[in-house]
2 protein chains.
Amino acid sequence: MKKVKLQVPATVANLVCGFDILGMAIHEPFDEMELKLLETPEIIIKHKDHFGLSEEPSKNVTGVVLLKIQEHLNLKNGFEVIINKKIKPGSGLGSSAASATGAAVGANELLGNIFTKEELVHFAMFGEELASGVKHADNIAPCIFGGITLVKSSNPVDIIPLNSPDLFVTAVHPQVEVKTSDARQILKKNILLKDAIEQWGNIAGLVAGIQKNDFGLIGRSLNDVIVEPVRSILIPKFNEIKEKSLELGALGGGISGSGPSIFMLSEKEETSQKIAKMMKSVYEKIEIESFVYVSKINPSGIKIIED
Amino acid sequence: MKKVKLQVPATVANLVCGFDILGMAIHEPFDEMELKLLETPEIIIKHKDHFGLSEEPSKNVTGVVLLKIQEHLNLKNGFEVIINKKIKPGSGLGSSAASATGAAVGANELLGNIFTKEELVHFAMFGEELASGVKHADNIAPCIFGGITLVKSSNPVDIIPLNSPDLFVTAVHPQVEVKTSDARQILKKNILLKDAIEQWGNIAGLVAGIQKNDFGLIGRSLNDVIVEPVRSILIPKFNEIKEKSLELGALGGGISGSGPSIFMLSEKEETSQKIAKMMKSVYEKIEIESFVYVSKINPSGIKIIED
């Protein structure tokens, strides 16, 4: 029986000023997934984690992606999937995107690599639709392409892979809930043109910095004058963590996805470890449990461990 | 007596979606300037062109830049400048920026290259202040650095030189007046967040396309959903010219600066020549005189012809 094992990494969407367009794959945390091609058409989902996600295919992110692929190919085979999620749902670290991407990439591998990366993004977006009501590629794109990606358009899928700067990432996931719907509703529909101009100057600087491997420019460009000032209100201690990270030498950072996770980029591992320690201690002081991850920007994204 | 001759090129600011941040140097038209270092402190400005610009130093773009440099260095020398402007004032092709940049670069050359490029931008901006009331570097930056530049900040001066894609530029200057103040007033102070997101996706795509030399991506990104729909109303036949340019094979283009000039980028010289012919004929039909220029993106900007 054909099977494939995958390591599916966490991703950081809404990369500071790159709200809704820029995302980044990191190394940790990651989900483990194992997919088998079945001779019979059923889809079997088994979660080894304890997040209480539905295992009914039509109500499971991985399941809906496989159903779409099955339907698209008029496939007689089914799939059995064992998922060990380590990216906690609701963390803002691309948990649903990992489950969706693992489904698309795993099925594609089992079926003999018949899809382009753009097609894989297309299928995986059905998982995001189930999870959040919106077919978006912000987390899926870096998970599939690796490094930092620009989603120029999700319909039609137009993904621009950017460079993958050699930087360390510290991510903290405080155990508080930020509902994506709240994070969305809190945004203003109208913004000032002058703020938008400042934002797109930062985006242009960030993309140029990424492509030139100019870490100073990346740091100067990691400013979000539109979304962060509004959304950060929903995340306890956001400002303190950001300020202290910059004092410790971070290039910059911000909210991961729609939160509550926060990420910071650093040139040196030592800096990223100091930031990790600081983050942990800030949340300990206010008795909020937190998980902290130190890894690097992940240049290759989802990894096939074993066929 | 020390003297220097300069060729100072036209520039295209507000590069479509890159409103207020991206500018580009082109080869034609260009101003000719000759500067001499005088033993005495006076500043003498002579215009060989017939645009009727004041030759009084404090009321002349070149003059004010030289006065600032003189004051900054507590200089006992003066300058004599002969200017042959070919970039018509009010064209939207960086006419005042050329006069200001020529002053700063010419003086720097005569004084033994004592300033950095950022300092030259700083001095040249006093010329823009005289011309338009605003110290902006949108045209000065590409004139000094060449190619396409990102003005991340003008105070402090933070210029990011981007690549200079090997593309042809067709620019048309219809002989109508668009006042910069009108072009500014017509802009809305508030914009929709969703439009801003589309715009910054395009900016990110444009910068990535420029850095990757991906002409297809540059073309897909040359869309301005915020400024062009409003400002193009002030330019006769804008929509017709844009549509026909795209039909003829242009990658894209838009308003140069705040108009009335329009520019289009093309991969092939043949395409850019066809576009030039079409532009001319569109304006002939409505009896508006126009000047049309075909050149390439200018990778080096201002040129010292002779010391």
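Note: Cβ is positioned from N, Cα and C throughout, glycine not excepted.
Automatic, uncurated: that is what TrEMBL annotation is.
For A:Ala98 (ATP binding site), the number of other Cβ atoms no farther than 10 Å from its own Cβ, over all displayed protein chains, is 32. Among the features that TrEMBL reports, ATP binding site is placed at A:Lys88, A:Pro89, A:Gly90, A:Ser91, A:Gly92, A:Leu93, A:Gly94, A:Ser95, A:Ser96, A:Ala97, A:Ala98.
According to TrEMBL, the feature domain 'GHMP kinase N-terminal' maps to A:65-147.
Note on the domain 'GHMP kinase C-terminal' (A:207-284): mean pLDDT across this stretch is 97. Residues or ranges marked as domain 'GHMP kinase C-terminal' by TrEMBL: A:207-284.
Counting other Cβ atoms within 10 Å of each Cβ, the binding-site residues A:Gly90, A:Gly92, A:Gly94 show the lowest value at A:Gly90. One way to see the shell of the ATP site is to take the Cβ centroid of A:Lys88, A:Pro89, A:Gly90, A:Ser91, A:Gly92, A:Leu93, A:Gly94, A:Ser95, A:Ser96, A:Ala97, A:Ala98; the remaining same-chain residues with a Cβ within 8 Å of it are A:Ala10, A:Ile87, A:Asn139, A:Gly257. Look at A:Lys88 (ATP binding site): DSSP puts it in coil.
DSSP assigns A:Ala98 (ATP binding site) to a helix.
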